[in-house]
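Enquirer: The structure that follows is given in the form of C-alpha cells.
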Amino acid sequence: MKPVKKKKTEEPELEPLCCCEYIDRNGEKNHVAACLCDCQDLDEGCDRWLTCKSLRPETCERITDTISDRLRIPWLRGAKKVNISILPPLVLLPVLLRVASWHFLLGVVVLTSLPMLALWYYYLTHRRKEQTLFFLSLGLFSLGYMYYVFLQEVVPQGHVGPAQLALLTCGLFLILVALYRAKKNPGYLSNPACNDKSPSNSQIECPIKKGQEKTKGFPGTDTSGSLNNRTLKDDAKGSSRVGLDSPAKSKEDWCAKCQLVRPARAWHCRICGICVRRMDHHCVWINSCVGESNHQAFILALSIFLLTSVYGISLTLNTICRDRSLFTALFYCPGVYANYSSALSFTCVWYSVIITAGMAYIFLIQLINISYNVTEREVQQALRQKTGRRLLCGLIVDTGQYNRGFLRNWLQFSTLGTRTVHTPAEDIV
C-alpha cells in the first residue's frame, strides 16, 4: 500500500492592514485610535509624579518606548511610525528664535541655552549608544528655516540682487546633494563566508585560508604606510594582518559581533552595529558613520556649508546694518531691535554664527587629521593610551603609523573609495 501523504496545514494568511492599523512592538495588531488606551506605564508615572515620588529609570524607558511605538500617521498598507526625535527641532527652533528676537537679553539667554541643550542631548544618546535623528532633523530644518527667514525678511528690503539670491540658493542645493552623498554607505564590511563562529586563532585564520580571494583586497583599503619604520606589506596586499602577527593582534582584528576579520584601520561602530572600512567617526549630524566611501563627501558638505553660511550671514548683515563692516555689525547694530523683521533676522544671524563656528571647528580637525593621515578614532585611541606625538595642546595628534607626508596623505585621501591596483610587496620600498 502506498503511504498516505499528510496534508500540510495551511497557515491562515494575515489580513492586509488598513491605513490606521499597525503591528505594535509586541507583535499584535493595533489601531491609531487606540493610542491612548492601555497605558499602564504612563498611568504609573503620572501617579508617582502626582504623589511626589521618584520615577524609576526603567519606567521612563518603557514610557518612551510606548510613545515612540504608538506615534504613527495613517498610511497605505498600515500606519507608519514617526521617529519622535525629529519633532523637537521642528517645534522648538522657530519658537525659541522668535522669543529671542523680542529683546537683547532674551536673545543672549536663548542662544546660550541652545548649544548647551544640544550637547546635553548628544551626551545622553552617546552614553546609551543609540541612533537618533534629532541632529539630522535639526540641521536640515535649520537650513530650511534660515532660508525661509532670508526670503521673507531680508530679500523684500531690496538690497539683495537676483544673482546673489541665485548663488545662495545654489549653495543650499549643493549642501543637500553633498549631504545625500555623505549619508550613503560609508564602507560597510560584508561578512566573509566562514562557518567558524568563535574568535580562536584557527578560526580567525579561516576567512584567509578558506576564502583568501574574498577577504583579499577590500575596496579602498589603505595599502601603504609605515609602522615601526617599516612598510606594511600585508596592507599592500589588501588583507588584514591576521595569522602573521601575534595571537593578540589576531584577536584584535577579529570582530566577534560581525563575525569577520577586519582589514587595517577598520572598526566596529557600536551605534550602527556594523564594521566600517577606515572608520573615522560616527557623525550624529548625518546619523551615519564617516568611513572610506563617504569621507570625501563629508568634507565637501562641510566646505560648501561654511562658504554658503558665511555668504548668507554677510548678505543679511549688509541689509539690516547698512554702512558697517561685517564684524562691527555683528556686535554693534543700533536700532536692530526697533522692528520685528530686523530683530528676527539679527537673531538668525547669531544662530547661524554659532552653528558655523561649530562646523568650522569640525572642519579644522578633519583637515588636520587628513594632513597627518589619521582618523578621529585613531586620535582618540592615541590620547587614551598616551601614544603618538601631540602638538598644540592635543589639537594635532600624529600617531606616525600611516603618515607619509602632507602631499601623499592628501593624495591618498583623494583616492579613497576607489579600487587601487596593488603592487607586489617586493616593489614597495
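Glycine is treated like the rest: Cβ placed from N, Cα and C.
Just lifted these from Swiss-Prot, have a look:
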- 1-81: topological domain 'Cytoplasmic' (TOPO_DOM)
- 82-102: transmembrane segment (TRANSMEM)
- 104-124: transmembrane segment (TRANSMEM)
- 125-130: topological domain 'Cytoplasmic' (TOPO_DOM)
- 131-151: transmembrane segment (TRANSMEM)
- 160-180: transmembrane segment (TRANSMEM)
- 181-296: topological domain 'Cytoplasmic' (TOPO_DOM)
- 212-247: region 'Disordered' (REGION)
- 253-303: domain 'DHHC' (DOMAIN)
- Cys283: active site, S-palmitoyl cysteine intermediate (ACT_SITE)
- 297-317: transmembrane segment (TRANSMEM)
- 348-368: transmembrane segment (TRANSMEM)
- 369-429: topological domain 'Cytoplasmic' (TOPO_DOM)
Enquirer: Within the topological domain 'Cytoplasmic' (369-429), count helix residues (DSSP H, G, I), strand residues (E, B) and coil residues, in that order.
Expert: 25 helix, 6 strand, 30 coil
Enquirer: Starting from the Cβ of Cys283 (active site, S-palmitoyl cysteine intermediate), draw a 10 Å sphere and report how many other Cβ atoms land inside it.
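Expert: Looking across every protein chain shown, the total is 19.
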Enquirer: From the DSSP assignment alone, can you count helix, strand and coil residues within the domain 'DHHC' (253-303)?
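Expert: Counting residues by DSSP class gives 10 helix, 16 strand, 25 coil.
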Enquirer: Summarise the model confidence on the topological domain 'Cytoplasmic' (369-429) as a single mean pLDDT, whole number.
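Expert: Within the topological domain 'Cytoplasmic' (369-429), the model's average pLDDT equals 75.
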Enquirer: Please list, for the topological domain 'Cytoplasmic' (125-130), how many residues fall into helix, strand and coil according to DSSP.
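Expert: Result for the topological domain 'Cytoplasmic' (125-130), in helix, strand, coil order: 4 helix, 0 strand, 2 coil.
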Enquirer: Near the topological domain 'Cytoplasmic' (125-130), which same-chain residues lie under 8 Å Cβ to Cβ, leaving out any that are not at least 6 residues past its ends?
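Expert: Distant contacts of the topological domain 'Cytoplasmic' (125-130): 270-271, 284.
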